[in-house]
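These come from TrEMBL:
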BINDING   HIS53, HIS108, ASP191, HIS195  Mn(2+) binding site
DOMAIN    28-116  domain 'Manganese/iron superoxide dismutase N-terminal'
DOMAIN    123-223  domain 'Manganese/iron superoxide dismutase C-terminal'
SIGNAL    1-21  signal peptide
Amino acid sequence: MKKIISITLLIVMIFSISVSAFEQNMKKFEVPPLKYDYKALEPYIDEQTMRLHHDKHHQAYVDNLNKALDKYPELYGKSLEELLSSIDTLPSDIRASVKNNGGGHYNHTFFWDIMAPNKGGNPKGNVMKAIDRDFGSFINFKKEFKQAALDRFGSGWAWLLKDNNGKLSIVSTPNQDTPIPLGLKPIIALDVWEHAYYLKYQNKRADYIDAWWNVVNWDKAEQLYNQS
Ligand SMILES: [Fe+2]
């Protein structure tokens with residue numbers, strides 16, 4: 001009898017450990033909290049926009065991504081980057097949802113971190129040198145970046161991206177497409193969906209872009225540039 005109880009206990013223990021390991025690896029995606037207050041980017045980006053953008057729009061991308069992955073829970077074992085870099089291998093019925101909602105999650109997570117209060121100004125260090133080298137000057141870079149952001153018809157993003165040799169380029173992606181398929185590393189990114197600026201700037205995307213330079217976290221950009 002004692003032996004049976006011991007074996008049963010052992011089986012329960014092994015089962016519990018397996019379930020716990022499964023749960024750890026199969027974690028659903030979550031919106032990361034902002035590292036600053038919702039009103040910290042005022043007057044350039046208003047509190048109400050930040051609340052809606054982070055708590056409602058970003059949350060909706062994450063909820064819809066999880067909803068798609070609920071059909072294939074084994075996919076929770078993959079990182080967001082892994083999912084987005086292997087879209088074509090995913091089950092066809094969730095491919096579009098993972099691309100759009102996973103892309104929304106990836107892009108917004110990057111966006112919150114590349115902004116911070118009391119930042120803006122000029123880039124420093126290696127990213128500044130690379131901007132001078134690849135765009136002639138910071139002023140010219142800002143002009144080209146703004147144009148890319150303005151030229152994005154409808155919704156999308158403007159990116160400053162780095163290749164494996166450290167060369168920088170400006171790219172605009174539509175919708176919630178990410179730079180992952182391009183094999184380039186994001187250094188800064190600007191969300192030009194109307195939900196990012198309409199409450200404060202209405203249809204004046206150019207004014208939003210001009211204001212946004214005041215919250216760009218160039219220290220973070222420098223960190224990203226220096227990572228391999
Ligand atoms: Fe957005």
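Here the Cβ of each residue, glycine as well, is placed from N, Cα and C on the backbone.
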Least surrounded among the binding-site residues, given as HIS53, HIS108, HIS195, when other CB atoms within 10 Å are counted: HIS195
Set of same-chain residues at least 6 away whose C-beta sits under 8 angstroms from ASP191 (Mn(2+) binding site): HIS53, ASN107, HIS108, PHE111, TRP157
Whole-number mean of pLDDT values that fall within the domain 'Manganese/iron superoxide dismutase C-terminal' (123-223): 98
Where ASP191 (Mn(2+) binding site) falls in three-state DSSP terms: strand
Helix, strand or coil at HIS108 (Mn(2+) binding site) [DSSP, three-state]: helix
Shell of the Mn(2+) site beyond HIS53, HIS108, ASP191, HIS195, same chain only (C-beta within 8 angstroms of their C-beta centre): HIS54, HIS57, HIS58, PHE111, TRP193, ALA196
Residues in the domain 'Manganese/iron superoxide dismutase C-terminal' (123-223) grouped by DSSP into helix, strand and remaining coil: 52 helix, 22 strand, 27 coil
